[in-house]
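Worksheet for the structure shown next.
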Ligand code: ADE
Ligand code: ZN
């Protein structure tokens, strides 16, 4: 089997995808029209031309503007359903999706509207495609600690539907330490913890995510390689990094995919996984990310299988399910 065939055949888990980042321009236009909301583009082509980012903030400005057309429960359902169709095509059999409630509640959309739409799509994806899923609620780190506490309060009635709490948005200038107390409360309430760190921010932010937020996974974390003590810690603790190659390329975290460190991290023994982040904005879903790194870094079949195995090991599914999927991969 060649590498392209193997990538398609491997069952995979996605652990780093923002559901608002799967919003394809065609669906954005359709929902904007039915909700009678103006968007600053005349055509799908014009939207795509605007996706010309030079850093994280230039992307986030456009990403939050796009999410403004989501108003009704059905809008959140349609958004998630379209993503599940991509999962089915790419043989993603399990996904742990981020959602950003503050992007919606700050516009007057109820927390329940967001989560009920997403949950209904998750149930239908299980029934129709056999895809399992979990939801991870993220705090927007450019907003205040107080706003994060309010969001956590709103999430408590839906505790059984949210596996973990995460931290995203503008990284530099908003270190994990800013949210130490709200993450302590989230842990007390029984949520697992993840956080974006070491995407644009320095290795110190990864240390803080580990020591202050007590994360179960680091999202991105690619800048950890700049600190050898941190690398030793990640390797010792088998701490997963949810790496997003096409995102790193689009947001100029790396200049060329040939410069991406995911293969080196894997070879050094870091528990790296492959993910799509915001696939509608960054040029591809799960398999496109695998194809891009395979081509640029010449990954062999054993490395590709290891990345797929890592995705299940780092996921929040039961040990029994992990073993089932890993056995499937080993049979290929
Ligand atoms: N929100 C959506 N995508 C993100 C990313 N790559 N980093 C931080 N926040 C985000
Ligand atoms: Zn992300």
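Here the Cβ of each residue, glycine as well, is placed from N, Cα and C on the backbone.
All TrEMBL annotations are machine predictions without curation.
Listed in TrEMBL:
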DOMAIN    11-331  domain 'Adenosine deaminase'
BINDING   16, 18, 196, 277  Zn(2+) binding site
ACT_SITE  199  active site, proton donor
SITE      220  site 'Important for catalytic activity'
BINDING   278  substrate binding site
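Overlay of TrEMBL annotations on the structure.
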residue : record                                  : Cβ within 10 Å
16      : Zn(2+) binding site                     : 30
18      : Zn(2+) binding site                     : 25
196     : Zn(2+) binding site                     : 28
199     : active site, proton donor               : 24
220     : site 'Important for catalytic activity' : 27
277     : Zn(2+) binding site                     : 29
278     : substrate binding site                  : 25
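Under the three-state DSSP scheme, residue 278 (substrate binding site) falls in the coil class. If you measure from the Cα atom of residue 18 (Zn(2+) binding site) to that of the residue listed as 'substrate binding site', you get 6 Å. Of the chain residues outside the Zn(2+) site list 16, 18, 196, 277, 17, 21, 98, 168, 219, 220, 242, 244, 247, 275, 278 have their Cβ within 8 Å of the site's Cβ mean position. Reported as a whole number, the C-alpha separation between residue 278 (substrate binding site) and residue 220 (site 'Important for catalytic activity') equals 13 Å. Cα-Cα distance from residue 277 (Zn(2+) binding site) to residue 199 (active site, proton donor): 12 Å (rounded to the nearest whole number). Note: the Cα of residue 196 (Zn(2+) binding site) and the Cα of residue 220 (site 'Important for catalytic activity') are spaced 6 Å from each other. The DSSP secondary structure for the residue listed as 'active site, proton donor' is coil.
For ligand 1, the recorded positions lying close by, meaning a CB under 6 A from one of its atoms, are 196; the full candidate list was 16, 196, 220.
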